[in-house]
Structures are given as C-alpha cells and as structure tokens.
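> My structure is below; once you've seen it, I'll send some questions.
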Amino acid sequence: MQIGFIGTGSMGSIIIDALLTSRSLQPSQIIAANRTLAKVELLAERHPGLVVAANNDEVVRRAEIVVVCVKPFEYRQALEQFADALTAQHVLITITSPIPLEDLAQLVPCPVVRVVPSITNAALGGMVLCEFGPQATESLRKRIYQLFSALGQPVEVTFSLLRIASDISSCGPAFLSYLLQQMIEAAVVETGISREAATFFTTQMVLGFSKLLEKEIFTLPELEARVVVPAGITGQGLIPLKEHVPGLFHEVFKRTHQKFAEDIEEVKKYLDSMKQT
Ligand SMILES: NC(=O)C1=CN([C@@H]2O[C@H](COP(=O)(O)OP(=O)(O)OC[C@H]3O[C@@H](n4cnc5c(N)ncnc54)[C@H](O)[C@@H]3O)[C@@H](O)[C@H]2O)C=CC1
Ligand SMILES: O=C(O)[C@@H]1CCC=N1
C-alpha cells in the first residue's frame with residue numbers, strides 16, 4: 001500500500017516524519033508532491049527511499065490513500081490538479097477543518113475522511129481527530145485508526161464538535177505556548193532572571209506537569225487545590241489571574257468559531273462552483 005501526500009509544508013512533513021520515525025511505514029511506501037519541489041526533496045533526503053512525485057496527478061495515480069495537506073484556500077487549485085485521477089478505490093483525506101466532507105464527497109468518486117493532526121504529533125503524542133464522510137465503512141475506520149495511531153490518540157469527532165476539538169487539540173499548543181512565553185517575559189522583566197533560566201524552569205515545569213496528568217495523579221482542579229495552600233504565596237499570584245483570565249477563552253473560542261464559519265462559507269462557494277463544472 002502506498003500513501004500519497006499532496007503538500008509537504010509544516011503539517012504534511014510532520015505527519016510523514018511521524019509515520020516513518022514510528023516505523024509504521026517504510027519510506028518507499030510514501031509518495032509526496034509539493035508546489036515547491038525543494039520541500040519534498042528535503043524530506044526524501046531525510047528519509048531515503050521516499051518517492052518524490054513530479055506533480056499531484058502522479059501522487060494520485062500511484063497511491064491508494066491520498067492525504068491533502070494544503071491550506072483551505074489552496075484546495076481549489078490542488079483539487080483541480082488531481083481530482084480527475086481519483087477512482088472509487090482511493091481514499092481522500094483532508095487535514096484541515098473548514099472543508100465540509102459532504103461537499104467534498106460530491107466532487108470525488110471515493111470515500112473522504114478528515115484527519116486533523118496536532119503539532120504534538122511531531123513527538124508522537126496528543127490527539128488525532130477523525131471525521132468520516134458519507135461513504136466510510138467500518139473497515140475504513142479501522143484502517144485509518146490503525147495508520148494514524150502512530151501519530152497520537154485517534155478519536156472520532158462529529159462535525160458539530162470538530163471546531164472546539166481542533167481549538168483545544170490543534171490550536172491549543174499555540175495558545176499554551178503564548179501564555180508560557182508571557183510568563184517567561186514577565187519573570188525576566190520583573191525579576192531580572194535571564195530569559196534562558198526562566199525558559200529552562202518553565203520547560204521543566206511543563207514536562208513535570210504533563211507527567212502528572214499522564215499518570216492521572218491529579219485532576220486539574222485537584223492539582224490547583226494542592227498547590228494553593230491556605231494563606232500561601234500561590235494564592236496571591238492567582239489573584240490577578242482570576243481577575244483577568246475568566247472570559248478570555250470565551251473570546252478566543254468565539255473568534256476561532258467565527259473564522260471557521262467564514263472559511264466554510266468561502267470554501268463552499270468554490271466547491272459549489274466546482275460541482276457545476
Ligand atoms: N499547523 C498546525 O498545527 C495544524 C494545521 N492544520 C491544517 O493543515 C493545513 C496545512 O497547514 P500547514 O502545513 O501549517 O501549511 P503550510 O503552508 O506549511 O503547508 C501547505 C503546503 O502545501 C503546499 N501546496 C499548496 N498548494 C499546493 C498544490 N496545489 N499542490 C501541491 N502542494 C501545494 C505548499 O507549498 C505548502 O508546502 C492548514 O489548512 C491547517 O488548517 C491542521 C492541524 C494542525
Ligand atoms: O484546520 C484546523 O482546524 C486546524 C487547527 C489548527 C490549525 N488548523
């Protein structure tokens with residue numbers, strides 16, 4: 001079985017690296033194309049045996065599962081370049097959320113699946129969100145879970161949960177990184193600690209924190225309660241946090257949902273126009 005990749009930018013290359021470093025696939029089982037050829041050539045240098053395709057059409061002709069890793073507004077062009085080569089034997093996977101599977105399914109002759117990765121998959125951790133289109137069978141579900149379990153924990157999400165699940169699982173690492181950088185900056189400015197030392201302490205704290213959660217030693221509220229000892233120092237630090245943070249993530253999720261709705265509307269326009277041609 002050969003797996004094809006269209007788009008080997010940030011996420012395409014993370015998925016390929018993860019499938020190969022986990023030894024789920026051999027490099028020769030992957031064929032990939034990218035608009036800028038140099039990016040795939042770099043991947044092939046890293047993974048000798050990986051097949052560099054000259055174009056998207058070649059990927060689709062040689063692969064059975066085709067993973068499209070381009071951005072929502074690059075889809076139209078990409079689809080136009082390969083849709084004619086798809087047959088009922090293919091499986092088309094999209095890794096981005098604003099492409100409605102029902103609409104995509106009407107444009108191609110094969111089952112369609114959504115697999116939303118997370119940057120955490122680069123360390124073979126975190127979640128892999130899966131949504132299956134109208135033609136997906138039970139055996140296809142099993143195959144997709146098996147393949148992508150190399151990257152992290154696959155979980156099926158319905159379209160109604162997709163946005164918030166992606167917000168937490170895939171956007172979450174960026175949100176957390178921003179918050180942690182704010183903590184580091186404040187430490188540097190308020191105390192004169194070096195950025196290097198503050199970054200080291202922060203990183204080690206997060207690694208330990210992840211282990212606590214992984215080992216299910218505490219739930220998040222239990223963990224907070226154990227650190228905030230009565231009349232202690234942490235409680236003082238939490239006062240400004242409790243003053244400023246509530247409401248913040250409501251705004252974050254309102255914005256991601258708004259952008260998602262706008263993207264879907266735009267995508268639907270071009271998918272509808274493609275249905276008519
Ligand atoms: N960055 C992240 O953490 C996550 C991103 N995603 C989704 O993945 C999608 C891709 O994101 P990135 O990989 O970060 O973007 P990117 O811009 O790094 O990668 C897109 C790649 O597609 C290539 N490309 C564009 N049009 C093409 C075409 N017609 N044929 C062949 N190659 C083409 C580009 O050259 C580029 O290398 C986004 O829509 C995003 O929503 C999903 C989950 C997490
Ligand atoms: O398509 C999405 O929903 C993802 C989440 C992070 C970036 N893009």
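All residue numbers here begin at 1 and follow the chain in the order shown.
Keep in mind that glycine also has a Cβ here, set from the backbone N, Cα and C atoms.
The following feature annotations were taken from TrEMBL:
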- 2-97: domain 'Pyrroline-5-carboxylate reductase catalytic N-terminal' (DOMAIN)
- Ile6, Gly7, Thr8, Gly9, Ser10, Met11: NADP(+) binding site (BINDING)
- Asn56: NADPH binding site (BINDING)
- 161-262: domain 'Pyrroline-5-carboxylate reductase dimerisation' (DOMAIN)
> Among the binding-site residues listed here (Thr8, Ser10, Asn56), identify the one with the smallest other-Cβ count within 10 Å.
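Ranked by other Cβ atoms within 10 Å, the binding-site residues Thr8, Ser10, Asn56 bottom out at Ser10.
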> Can you tell me the CA-to-CA distance separating Ser10 (NADP(+) binding site) and the residue listed as 'NADPH binding site', as a whole number of Å?
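Computed Cα spacing between Ser10 (NADP(+) binding site) and the residue listed as 'NADPH binding site' is 18 Å.
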> Taking every protein chain shown into account, which of the binding-site residues Ile6, Met11 has the largest tally of Cβ atoms within 10 Å of its Cβ?
Ile6
> Cβ within 8 Å of the NADP(+) site's Cβ centroid: which residues qualify beyond Ile6, Gly7, Thr8, Gly9, Ser10, Met11?
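Surrounding the site, in chain order, are Phe5, Gly12, Ser13, Asn34, Lys39, Cys69, Val70.
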> A 10 Å Cβ contact count, applied to the binding-site residues Gly7, Gly9: which residue has the minimum?
Gly9
> For Ile6 (NADP(+) binding site), which DSSP three-state class applies?
strand
> Listing them in sequence order, which of the binding-site residues Ile6, Thr8, Gly9, Met11 have their Cα within 10 Å of that of the residue listed as 'NADPH binding site'?
Ile6
